[in-house]
Amino acid sequence: DVPKATEPRGDSDGPRRGSLCDRHCAAINNVQGDLSDLGCHLHRPRVPPGRSAMGWAGHGAPGGSHTPCHLPIFSAATSPPSYCQQHSEEVCESCVVKTTLTAENVVEANKLSNNYKFGFKKWKSHVTERPWEDRSEIVKELYSDLNVVRGSGGSTVTCGNVLYLLLFGWWLSFIYVLMAAMMFITIVGAPYGRLCWDLAGYFLWPFGKVIQKVEVPKSPRALGACEAGAGESSALLGGPMPRRWRPWCWADGRHWQRAGAVVWLCLGYPMLVLAHGLACVTAWLLVVLIPVAKLNARTATRVLLLPPEQVVVRRLRMTEVPLEGEVILCCYRAVNPYYYKYAVDGINVFAVNLLPLVLVTLVLGYVDSHNRLTSSPVKFTLALLSIMPLSYYIGMAIASISAQSNFAVGAVVNATFGSITELTFYITALIKGSREGNRCYAEIVKSALTGTLVGCVLFVPGLCMVIGGIRHQEQRFNSRSAGVSSALLFLSVGGESGTGVSPGLGGDPPVWAATPCPSFPTGVFAPTLFSKVYGKLVCGECHNVTQNPLGHYLCHNCHFDLMENNGTLYYSHVQPLVYTVSLLLPAAYLIGLFFTLKTHTHIYDIHISGCHMPGHHHSAVVHWSRWRALVILLLSTLCMSACADLATEHISPILTNSTISQYFIGVTVLAMVPELPEIVNGIQFALQNNLSLSIEIGNCIAVQVCMLQIPILVLFTIFYPTNFTLVFSDLHVYASMFSVVLMNYIFMDGKCDYFQGTVLVMVYFILLAVYFFAPSPSGC
């Protein structure tokens, strides 16, 4: 989405470089000026050797599929390009540099624009159909039919083809041999027996072979009956289908009146359809073997329904190209690793494959309520895995609605459903904990909140820096836009804090009091500091290690009691502070939205230019219309609620029987699994040298955790009393504060590499190790 900056030239071009920077700054200061020169000349993508400028700009150039003037232009602020580096920092920092992006249509341009808006969900996938001519040859091969014959296919003995032989080829060939024997025994089915014998050799090793249909003149009656039958299409087969469900349309209208055809439809065809269906589903689920799935699907729906005299199986030589007859199947490779890009109606193939898992989870969860078929850990795992595809559908629905609507509708949808995945799980867990009187659920929710915050601040940007740094030596990002999120996070979390414990006067064991050390936490951790300063430290058991009444004591299971004297401290002081913080944090979030989207839009400088060239305009063909996206959004939210309810229902055995700390389960599994679609989006942005959006993905989620999700949970406890209080353990406080401070330090200069990303990832894993070895919360 972001084109690469222009490379610096030699020292002799210094004056020219200065004039470009001056013109750039002048164009930026005059936002109403003509941006065509800036978009078409200053930000022209690199042209690889051997490619013309126009040819490269129209076929896969970085930042878009067309030259900048072909389509709507979207510009966003990034770090200064290299031709401004020799000027003083004051001059370069005084102007906001624009990066020109291209989109195929207005809807796609709106989606790109929303990606750079604070508080909007960042979405990498297209919400409209891309023009076929703009796609790369690799992507075109993914969607092509298996009927293209190459002049020179090379060797067909590859690891992927051998894998096909081991997984599918031998048993499919064996079934065809059995079917051939059965058809020969019936005598009337002998033609189909010969066909099965030929197909047995084909499916044992189909590579480099071709299945053709021999044209036979049709009778006038058959031609008249076939005129009403139009061809069908299928996402799996990728092209037009024949009139295969109209058997009277085939070579002869009397074909299916033959006894052999009846025997074939009753005995042979059903068994082969089951075999091909099993192979098709298995290969489709493995993704990289989707060519095998297409091969089996096309055989079951086309080849096996043709008269046997019209089907010819032949082997191709290296330079032979069939010139006669229709090519039905021709496959050279069983494995294609690029099928992770494959999409069905705009939905990624992995999300399509995981959708049946949601149905299985709901059926097992609510039908087998007594765990007769599966155990609680299995149901919990299935429910947690089902959240991933539902998060994907929710994200795509939000992006589709926002791209096709005005700013107000997009803002409302993002604010309403942006955090619905996490909030659904948290609220169901709190409700279950309140019904059972188990405070462990509230601690799990706090751990998940902290895990989401720490993971999105450290792990998500760190992983994107590492993966993006492998392809790009140094990546730059918009430090000003990242600074807005960092400031809000610092407001929500604050700086370092700590408390000390000292013995009071008298008592055996003595009464221990909390002595505050210098601390500066704000936002969500302010009630935690307040409770440590004014709360009473209560310990389960203490042992005097010096045999002296005033000596050192070793205490276990200590916590600050806020309910002393009938909860006077909590209800009179801590609870009002919690409500105050819960009102101030959303207000700060709204101010941040107003700051970035209204008064200081130049930080992102979102602009769509309307320069078009005749003949290059593409109309927007959306994958999901607004109403369809709204229906999918509501259904996904409903299924998400059901899966969250099942996850909380079956998490109890894991919490009670597992030797792993409940803290670790909360900060890892419950926190990061729902964010996997966002992590994938961030990685894709980083690979395209657009680290700004990768960082914003993590920062926006972390900001929403502190400024929206936690206040909503507090508001929920007002109407539905639960055990959730805005008082976190010391481990959560220290981990969150250290993560935010480290993030602000890394993001100061607006550039990074894989080493800085490695530091963030390593710190995250160290914190996970701390949570892994930490004891479970008291009372759990």
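Numbering starts at 1 and runs along the chain as it is shown here.
Every residue gets a Cβ built from N, Cα and C, even glycine.
Since we're looking at a predicted model, the values are computed, not measured.
According to TrEMBL, the features are:
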type	residues	note
DOMAIN	159-209	domain 'Inner membrane component'
TRANSMEM	162-185	transmembrane segment
TRANSMEM	262-290	transmembrane segment
TRANSMEM	347-368	transmembrane segment
DOMAIN	378-491	domain 'Sodium/calcium exchanger membrane region'
TRANSMEM	380-401	transmembrane segment
TRANSMEM	407-427	transmembrane segment
TRANSMEM	448-470	transmembrane segment
TRANSMEM	577-597	transmembrane segment
DOMAIN	629-771	domain 'Sodium/calcium exchanger membrane region'
TRANSMEM	629-648	transmembrane segment
TRANSMEM	660-680	transmembrane segment
TRANSMEM	701-720	transmembrane segment
TRANSMEM	726-747	transmembrane segment
TRANSMEM	754-774	transmembrane segment
Query - Positions on the same chain near the transmembrane segment (407-427), where near means CB under 8 A and six or more residues out - result: 114, 119-121, 387, 390-391, 394, 397-398, 401, 445, 448-449, 452, 593, 597, 633, 637, 640-641, 644, 647-648, 670, 674, 704-705, 708-709, 712-713, 716
Report summary line: Top stretch by Cβ pairs under 8 Å to the transmembrane segment (262-290) (candidates 347-368, 448-470, 577-597) is 347-368
Query raised in the report: List, by number or range, the same-chain residues at least 6 past the transmembrane segment (380-401) whose CB is under 8 A from its CB atoms?
Result: 111, 114, 121, 123, 125, 127, 346-348, 350-351, 354-355, 357-358, 360-362, 364-365, 409-410, 413-414, 417-418, 420-421, 425, 622-624, 626, 629-630, 632-633, 636-637, 639-640, 643-644, 646-647, 650-651, 654, 669-670, 673-678, 681
**Report entry** Contact between the transmembrane segment (701-720) and the transmembrane segment (577-597) (at least 3 Cβ pairs under 8 Å, separation 6+)
**Finding:** yes
Report task. Could you give the residue numbers and ranges of same-chain residues that sit at least 6 residues beyond the transmembrane segment (347-368) on either side and whose C-beta is under 8 angstroms from one of its C-beta atoms? Result -> 125, 284-285, 287, 290, 339-340, 374, 379, 382-383, 385-386, 388-390, 392-393, 396, 623, 639, 642-643, 646, 649-650
Requested in this report: Take a look at 448-470, 577-597, 629-648, 726-747, 754-774 and tell me which one has the most Cβ pairs under 8 Å to the transmembrane segment (660-680).
Outcome: 448-470
Query - Spatial neighbours of the transmembrane segment (726-747) far in sequence, C-beta under 8 Å, 6+ residues away - result: 446-447, 450, 453-454, 457-458, 461, 477, 479, 482-483, 486, 489-490, 493-497, 499, 521, 524-525, 527-528, 531, 560, 562, 574, 578, 581-582, 663, 695, 710, 714, 756, 759-760, 763, 767, 770-771, 774, 777
Report summary line: Per the Cβ under 8 Å criterion, with at least 6 residues separating them from its ends, the transmembrane segment (629-648) contacts 358, 361-362, 365-366, 379-380, 382-384, 386-387, 390-391, 393-394, 396-398, 400-401, 404, 417, 420-421, 424-425, 428-429, 432, 441
Report summary line: Per the Cβ under 8 Å criterion, with at least 6 residues separating them from its ends, the transmembrane segment (448-470) contacts 422, 425-426, 489, 493, 666-668, 670-672, 675, 678-679, 682-683, 685-687, 689, 691, 694-695, 697-699, 701-702, 705-706, 709-710, 728, 732, 735-736, 739-740, 742-743, 752-761, 763-764, 767
